[in-house]
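*Asks:* Summarising the annotation, Swiss-Prot assigns Zn(2+) 1 binding site to CYS348, CYS350, HIS372, CYS375 and lists similarity to another entry as the type of evidence. What Swiss-Prot lists as Zn(2+) 2 binding site is CYS361, CYS366, CYS388, CYS391. What Swiss-Prot records for 290-310 is compositional bias 'Low complexity'. Annotation comment: Swiss-Prot describes LYS133, LYS150, LYS152, LYS241 as SUMO2 cross-link, evidence class similarity to another entry. Residues annotated as N6-acetyllysine in Swiss-Prot: LYS166, LYS249. Marked as region 'Disordered' by Swiss-Prot: 112-149, 271-310. Taken from Swiss-Prot, the feature site 'Histone H3K4me3 binding' applies to TYR347, MET358, ASP362, TRP370, supported by similarity to another entry. Residues annotated as zinc finger in Swiss-Prot, with sequence analysis given as evidence: 345-394.
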Amino acid sequence: MDLRDRFTEMREMDLQVQNAMDQLEQRASEFFMNAKKNKPEWREEQMASIKKDYYKALEDADEKVQLANQIYDLVDRHLRKLDQELAKFKMELEADNAGITEILERRSLELDTPSQPVNNHHAHSHTPVEKRKYNPTSHHTTTDHIPEKKFKSEALLSTLTSDASKENTLGCRNNNSTASSNNAYNVNSSQPLGSYNIGSLSSGTGAGAITMAAAQAVQATAQMREGRRTSSLKASYEAFKNNDFQLGKEFSMARETVGYSSSSALMTTLTQNASSSAADSRSGRKSKNNNKSSSQQSSSSSSSSSLSSCSSSSTVVQEISQQTTVVPESDSNSQVDWTYDPNEPRYCICNQVSYGEMVGCDNQDCPIEWFHYGCVGLTEAPKGKWYCPQCTAAMKRRGSRHK
């Protein structure tokens, strides 16, 4: 709202200066046409009046330039604030899962670039048309990609939500290469910790909440117009901020139930295998019973080793997740300590915040008013009145004009 009002004021001042300049040019041309016919007193009076109006237009133009500088500072301050919030949100996402911001930005760029048709070269090769000339067929072709982009974004959202539900239900899965084909269970190998993907996040760090936040970010990105969509991560940041308690609860529950769910699933499988093998051994001969008991012991030993490896891997995942969540927070705290508030007012010709010793300009209409000693070449407090270099140059210029 403030920016729009300042732009409106700047536009009004610009129109006022332009109208004044047009009128002064017309008066000057009439003055030179009628100068020889009139008396010297009339010529002096008209000349002084025209010069006075020119100086007034010049002051209005200077005020317009100062207003433009204020608008530039305001926009720059807001941009720095947005960049800091975006960097902070990226650090929070990286703390939960490393590499997710790069994946989201890459997918956003893929959505920004529409896919080119295959037969584009063959369709337009026989009609030599200039690049800047309007072509209705090509315009129609570009508009046809909007539903395709929408379909891609919807498919991406459905994939993210389905992956989140799968990751919440599945436990820790390891590959048991020594198990035979007669065993009742097969454990699939889990993906290594070094490879990160939205669909295959580590369940020990609350994959469901992270994937849902990523889905919300992609949805907010898809709803925006084509252009710069990096700042659309603000939508998922608001989702984290509004649902902080629920997300924290989900993270803690996910960490606590990983080891228990995997171990309970393996124990129930072991008991079922033991009972089935015992029933088969009763109906067979004694030699077969001995063979089955030995095979059962080997399978139980392999399953117990897989259970211990599953529990150890879950503890390793929790330790890694705790380390990744602690270290970036300390880095962010150290970064915040060295940065200043973007809303803090700026002073001096260097456009920086207040620090050290500063001197004030005695001109009441000075737009800056306060200056650092080093920027204006002072080492101690000046005696008497002191004016900044800009005000001094403006006063000298006005004095020379009045002479």
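Just so it is clear, glycine is given a Cβ too, placed from its N, Cα and C backbone atoms.
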*Asks:* Using DSSP, would you call CYS391 (Zn(2+) 2 binding site) helix, strand or coil?
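*Replies:* CYS391 (Zn(2+) 2 binding site) sits in a helix per DSSP.
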*Asks:* Do you know offhand how many angstrom separate MET358 (site 'Histone H3K4me3 binding') and CYS388 (Zn(2+) 2 binding site) by C-alpha?
*Replies:* 12
*Asks:* Give me the CA-CA distance between CYS348 (Zn(2+) 1 binding site) and CYS361 (Zn(2+) 2 binding site), in Å, as a whole number.
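*Replies:* Between the alpha carbons of CYS348 (Zn(2+) 1 binding site) and CYS361 (Zn(2+) 2 binding site) there are 10 Å.
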*Asks:* Between the Cα atoms of CYS361 (Zn(2+) 2 binding site) and CYS375 (Zn(2+) 1 binding site), what distance do you get, rounded to the nearest Å?
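*Replies:* Rounded to the nearest whole number, the Cα-Cα distance is 13 Å.
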*Asks:* Work out how many Å separate CYS391 (Zn(2+) 2 binding site) and ASP362 (site 'Histone H3K4me3 binding') at their Cα atoms, rounded off.
*Replies:* 9
*Asks:* Give me the Cα-Cα distance between TYR347 (site 'Histone H3K4me3 binding') and CYS388 (Zn(2+) 2 binding site), rounded to a whole Å.
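*Replies:* That separation, Cα to Cα, works out to 12 Å.
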*Asks:* Give me the CA-CA distance between CYS366 (Zn(2+) 2 binding site) and HIS372 (Zn(2+) 1 binding site), in Å, as a whole number.
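*Replies:* CYS366 (Zn(2+) 2 binding site) and HIS372 (Zn(2+) 1 binding site) have their Cα atoms 15 Å apart.
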*Asks:* Suppose we draw a 10 Å sphere around the Cβ of TRP370 (site 'Histone H3K4me3 binding'). How many other Cβ atoms does it contain, all chains included?
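*Replies:* Looking across every protein chain shown, the total is 15.
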*Asks:* Taking every residue in the zinc finger (345-394), what is their average pLDDT?
*Replies:* 88
*Asks:* According to DSSP, folded down to helix, strand and coil, what is CYS361 (Zn(2+) 2 binding site)?
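*Replies:* Looking at the DSSP assignment, CYS361 (Zn(2+) 2 binding site) belongs to neither helix nor strand, so coil.
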